[in-house]
Every structure is written in structure tokens, then in C-alpha cells.
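I have placed the structure first, in the form of C-alpha cells, so that the comments after it can refer back to it.
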Amino acid sequence: LFDGIYPFYPQQRKAANFDINTIIVVVVFLTLACSFLLIIPGIRGRARLYWTLRVLLSLFMGVGIVVVQFTGDWETGWVQANTSYKSFSHAVVNADIGLHIGLEGVNITLKGNPVNQINETINYNEYFSWSFDSNYDRTYSEGLEKGLPSPILYVAEKFTSQSPCAVHRQYRISGHYASATLWVAFCMWIISNILLSMPALVYGGYMLLVTGAFVTFSLLSFSTVRNSPMCLIQIGTATLHVAYGGSFWLTLVIGLLCFVAGITIVALHHLSLDSLKTFFDLREDKAEEYQEMAEVHVNSCFVNQAL
């Protein structure tokens with residue numbers, strides 16, 4: 001060791017808590033929400049409540065559809081185990097090993113209990129991408145060259161293209177099509193907002209149903225990875241199991257919201273159009289447009305001249 005660092009390997013990277021793309025998406029939608037909240041006092045009456053509900057619900061759908069593209073917890077798993085730390089070393093550490101699977105790659109974390117053991121800070125967060133513009137096997141080989149801890153390399157090896165587990169191709173294709181259908185759902189969400197603001201309410205409701213359908217297709221696409229049995233990930237005496245994570249359930253909630261909102265708009269259009277126009281702040285404008293003149297004042301001077 002040279003000043004506590006292995007001389008032939010770069011210094012270990014610190015664990016990352018947030019993804020920069022996720023932060024950018026959240027900040028953009030929060031800016032839109034805050035901008036709307038600044039102008040909401042200018043809306044009078046009950047329409048203020050209706051506008052707030054519509055805008056915030058729509059923004060929640062939009063940010064959810066986009067942000068799950070970059071999150072890494074569509075499937076997650078954690079295990080605490082006593083495991084070897086480095087290759088060709090008899091040192092054993094107690095650590096939490098985490099597996100976080102996203103649409104474009106897998107994130108593997110290793111955190112010691114406690115963090116400082118065997119004169120090292122054990123806190124790793126390594127990302128391995130399997131998107132079509134990256135090479136998972138090369139990233140794994142680079143991890144071998146850097147001398148990453150054995151638990152991280154062991155878990156990452158399960159997802160290589162040469163692994164007997166044979167899940168690399170399934171995850172790669174499923175994640176690709178899930179991402180593509182989510183982007184289509186985002187486009188449908190934009191169109192639905194345009195139609196609802198024109199206003200073409202019933203067509204906006206139909207587009208919300210289409211949005212929910214594409215969100216559901218993304219869930220079905222990712223769920224196909226369950227068709228391939230996952231290899232047993234045995235770390236020490238403990239086994240790491242994966243299950244659907246927060247991004248999967250968030251996407252499911254967004255899909256259900258799109259269906260509920262779309263069905264409600266279409267149903268109100270056919271059953272109670274006045275209530276629907278009131279919710280979208282259109283009834284008063286229409287009433288003024290078609291309002292009949294109740295009283296007419298006639299200038300007798302002009303009438304006499306005409307006669």
C-alpha cells in the first residue's frame with residue numbers, strides 16, 4: 001500500500017446517491033409546477049381548485065413517465081453476508097450487497113458493516129450498462145482490470161453475455177422495448193394535454209387511454225425477463241433475491257392514473273357534459289357565448305325617423 005491506496009489500481013470511486021439525468025428531469029418538472037403555482041392566485045373561484053388538480057396530476061404523470069427511464073430500481077435485491085473482499089486475499093468482511101436493475105443496465109453496491117474495515121473504506125457503487133450503444137462485457141473486463149471487490153465482480157458476471165445464466169440478452173431487449181414504449185407514452189401524454197387545452201375534451205380522454213396502454217406495454221415488456229429463470233446468486237451463506245422495485249410500481253401507478261383519468265373524461269362527456277365543462281372551466285365561457293339578450297332598449301327618435 002502507498003498511503004493507504006493500492007499502487008497499481010486507481011483510487012476507489014465514491015458511492016453515487018443520485019443519477020444526474022433523474023435530477024435534471026425532476027428539476028424541469030418542478031420548475032413547471034412552481035411556475036404554475038405562482039400564477040394560480042390569479043384564477044378566481046372554484047376554477048382555481050380545478051386548475052390546480054388538473055395541472056399537478058398531469059405533471060405527475062409526465063415526470064413519472066420520463067424519470068423511470070433513468071432510474072435503476074426496476075428490480076432490486078439486498079443481502080447482508082460475510083464475504084471475501086479481494087481476489088487472492090483471505091480477508092473477510094461483513095457487507096451489504098445490493099443489486100439494482102434498470103432499463104439500460106445494472107447497478108451493484110457494496111457497503112461494509114461498518115464502512116471502515118481492514119484499513120479501507122468499503123463503499124462502492126458500480127454501474128454496468130447493456131444498452132445497444134455500450135458493451136457490457138468490456139465494462140466488466142475493465143472492472144476486472146481495476147481490481148473491483150470480489151462480490152461486485154461475482155454479481156456482475158451473472159449478467160455477461162458469456163454467463164451460463166443467459167439473462168443478458170433477455171434484459172437487454174426487454175429494457176430496450178420498455179424504454180421505447182415509455183417514450184411513445186410520453187408523446188401521447190403531450191398530445192393529450194394539447195387536446196384537453198384546445199379544448200377537445202373527449203379526444204384528450206382517448207389519448208390518455210392510449211398513454212396508459214403504452215405504459216402498460218412497457219411493464220409487460222420488462223416483465224418478460226421473468227420468463228428466463230435467474231441464476232442463484234450465492235454470497236457466502238446468504239442468497240441474493242431480486243424483486244420488482246420502486247420504478248416498476250411507480251410506472252404501474254402512472255398507467256392506472258392514465259386509465260382512470262381517460263375513462264372518467266370519456267364517461268363524463270357522454271353522461272354529464274356540463275360537469276365536464278365545469279371541471280375544465282369551459283361552462284361559463286359557453287354560457288356567455290350563447291346568452292340571449294333579456295332586454296332591448298329602443299331609441300324612439302330613430303324609430304320615428306324610420307317611419
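Glycine is treated like the rest: Cβ placed from N, Cα and C.
Residues or ranges marked as transmembrane segment in TrEMBL: 20-39, 51-70, 177-196, 203-222, 242-268.
Stretch with the most C-beta contacts under 8 angstroms to the transmembrane segment (20-39), considering only 51-70, 177-196, 203-222, 242-268: 51-70. Most Cβ pairs under 8 Å with the transmembrane segment (242-268) belong to 203-222, among the candidate stretches 51-70, 177-196, 203-222. Counting same-chain residues at least six beyond the ends of the transmembrane segment (51-70), those with a Cβ under 8 angstroms from any Cβ of the stretch are 19, 21-22, 25-26, 29, 32-33, 36, 40, 43, 102-103, 179, 182-183, 185-186, 189-190, 193, 196, 211, 215, 247, 250-251, 253-254, 257-258, 261, 279-281. If one looks beyond the transmembrane segment (177-196) by at least 6 residues along the same chain, the residues whose Cβ comes under 8 Å of a Cβ in the stretch are 54, 58, 61-62, 65-66, 68-69, 103-104, 203-205, 207-208, 210-212, 214-215, 217-219, 221-222, 251, 258, 265, 280.
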